[in-house]
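Read through the structure below, which is laid out as structure tokens, and then see the notes.
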Amino acid sequence: MARGLGAPHWVAVGLLTWAALGLLVAGHGGHGDLHEDLHEDFHGHSHRRSHEDFHHGHSYAHGHGHTHESIWHGHTHGHEHGHAHEDLHHGHSHGQSHESLYHRGHGHDHEHSHGGYGESGAPGIKQDLDTVTLWAYALGATVLISAAPFFVLFLIPVESNSPRHRSLLQILLSFASGGLLGDAFLHLIPHALEPHSHHPLEQPGHGHSHSGQGPILSVGLWVLSGIVAFLVVEKFVRHVKGGHGHSHGHGHTHGHTQGSHGHGTQKYPSKEKQSSEEEEKEANGSRKRKGGSTRLKDGPLRPQNSEEEKTGSDLRVSGYLNLAADLAHNFTDGLAIGASFRGGRGLGILTTMTVLLHEVPHEVGDFAILVQSGCSKKQAMRLQLLTAIGALAGTACALLTEGGAVGSEVAGGTGSGWVLPFTAGGFIYVATVSVLPELLREASPLQSLLEVLGLLGGVVMMVLIAHLE
């Protein structure tokens with residue numbers, strides 16, 4: 001009994017250690033510093049410097065006749081050229097308007113055109129990367145976030161879905177459900193809503209209007225679409241793989257189906273009695289030598305075997321659904337890494353660390369779901385590696401896509417439009433339909449308490465990671 005309780009306690013200690021690591025990193029990084037660093041990486045200036053530029057007070061004469069609109073396109077001029085626009089709130093020699101602070105197509109003595117990205121305002125630090133180095137960094141970071149959680153799986157003392165590992169597997173499943181729900185509600189959906197609520201080109205005094213409800217409504221519809229799509233896929237897979245599996249849900253239905261070949265419909269009033277009589281007649285007719293012992297064997301065994309077949313089929317479908325959701329989620333992680341490295345090496349490293357902290361508990365939960373669905377430990381680990389294809393594809397898409405805003409999770413507006421909320425809907429479906437029902441089985445009070453703590457641990461882990469982002 002001591003050995004049986006050791007593994008769940010070991011998992012609890014591991015979860016608490018990981019939570020402490022998240023708190024340590026969160027306290028060290030700080031939300032304000034992260035926001036300032038990201039702002040400097042995205043726009044090339046800090047709030048302090050822009051404030052000084054507004055009150056610099058210099059005034060130069062400009063002779064090229066550029067209009068106010070031309071300033072927004074990032075034209076640069078030397079110090080001997082200048083202009084006096086009364087409607088500008090600064091007199092700096094670059095001649096950039098207030099709106100141009102969101103773009104970085106200017107310089108002191110030479111021109112730059114980076115399409116929204118570029119070098120950091122810090123002197124002596126070159127942030128833009130050549131093409132080969134950019135691809136090497138981005139793909140290397142993607143391989144890292146895919147391989148690091150894979151090695152963590154070796155430490156989990158679960159080999160298969162057997163009674164010997166059942167208690168530990170249930171705790172891991174509860175942790176997986178908490179991680180999936182926390183990921184959907186605290187990470188994916190907020191990131192999908194964030195570009196619509198805090199657009200960088202939005203006017204400071206612009207109020208909310210009814211037109212802004214459209215994107216928010218579309219995010220909600222995509223979440224529901226993900227739930228419905230996963231429901232349709234599960235029904236389709238059950239229909240193709242299960243076929244007659246639904247008629248085996250109860251032992252009495254099974255017996256009636258076999259006995260109905262030689263009898264009419266007069267058996268329906270007394271279903272239980274007649275099905276047992278049919279089994280007895282069939283046993284006496286086809287297996288006369290075994291007599292009643294066969295009926296006693298087949299009676300309790302048939303419902304058990306059919307129920308196990310049904311349960312195994314259900315869990316296999318849930319495993320496939322979880323792999324599909326994990327593949328889409330890894331695609332968004334790849335988009336985040338590729339887009340962040342396009343914004344600069346420092347931003348790319350920061351995003352990689354954040355995604356890595358997020359992926360380790362997530363992969364542990366996915367591993368538990370795969371093992372519960374009938375996979376061995378090696379099979380589950382191989383399937384987890386296959387989902388890395390989604391991350392590599394997302395990174396390649398982010399690097400090949402020109403333009404677009406750099407977000408913490410998507411490149412441009414493509415991913416935030418439907419990938420994130422659709423994936424969130426898939427996570428919600430897998431957690432509530434496939435994983436949580438497994439936690440409703442009868443268990444001891446201690447086991448039930450550990451399962452609830454595991455679920456809360458998964459949610460708390462996502463809260464800590466959300467603060468880091």
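Just so you know, glycine gets a Cβ as well, placed from its N, Cα and C.
Residues or ranges marked as compositional bias 'Basic and acidic residues' in Swiss-Prot: 43-56 (among others).
Marked as compositional bias 'Basic and acidic residues' by Swiss-Prot: 66-114 (among others).
Taken from Swiss-Prot, the feature compositional bias 'Basic residues' covers 242-255.
Under the heading compositional bias 'Low complexity', Swiss-Prot lists 256-266.
As annotated by Swiss-Prot, compositional bias 'Basic and acidic residues' applies to 295-313 (among others).
As annotated by Swiss-Prot, pros-methylhistidine applies to H66, with the evidence given as similarity to another entry.
Residues or ranges marked as phosphoserine in Swiss-Prot: S275 (among others).
Summarising the annotation, Swiss-Prot assigns phosphoserine to S276 (among others).
The feature region 'Disordered' is assigned by Swiss-Prot to 43-122 (among others).
As annotated by Swiss-Prot, region 'Disordered' applies to 242-313 (among others).
Residues or ranges marked as transmembrane segment by Swiss-Prot: 5-25 (among others).
Residues annotated as transmembrane segment in Swiss-Prot: 138-158 (among others). Long-range contacts of the transmembrane segment (138-158) within the same chain, counting only residues at least 6 positions beyond its ends with a Cβ under 8 Å from a Cβ of the stretch, are 7, 10, 165, 168-169, 172, 330, 333-334, 337-338, 341, 348-349, 352, 355-356, 359-360, 362-364, 367-368, 371, 377, 380-381, 384-385, 387-388, 391-392, 394-395, 398-399.
Per Swiss-Prot, the feature transmembrane segment maps to 169-189 (among others); the stated evidence is sequence analysis.
Here Swiss-Prot flags 214-234 (among others) as transmembrane segment, drawing on sequence analysis.
The transmembrane segment annotation in Swiss-Prot covers 386-406 (among others) and rests on sequence analysis.
Per Swiss-Prot, transmembrane segment is recorded for 417-437 (among others).
Counting Cβ pairs under 8 Å to the transmembrane segment (417-437), the top-ranked stretch among 169-189, 214-234, 448-468 is 214-234. The list of residues near the transmembrane segment (214-234) in space but at least 6 beyond its ends in sequence, with Cβ under 8 angstroms from a Cβ of it, reads 189, 192-193, 196, 317-318, 321, 324-325, 417-418, 421-426, 428-430, 433.
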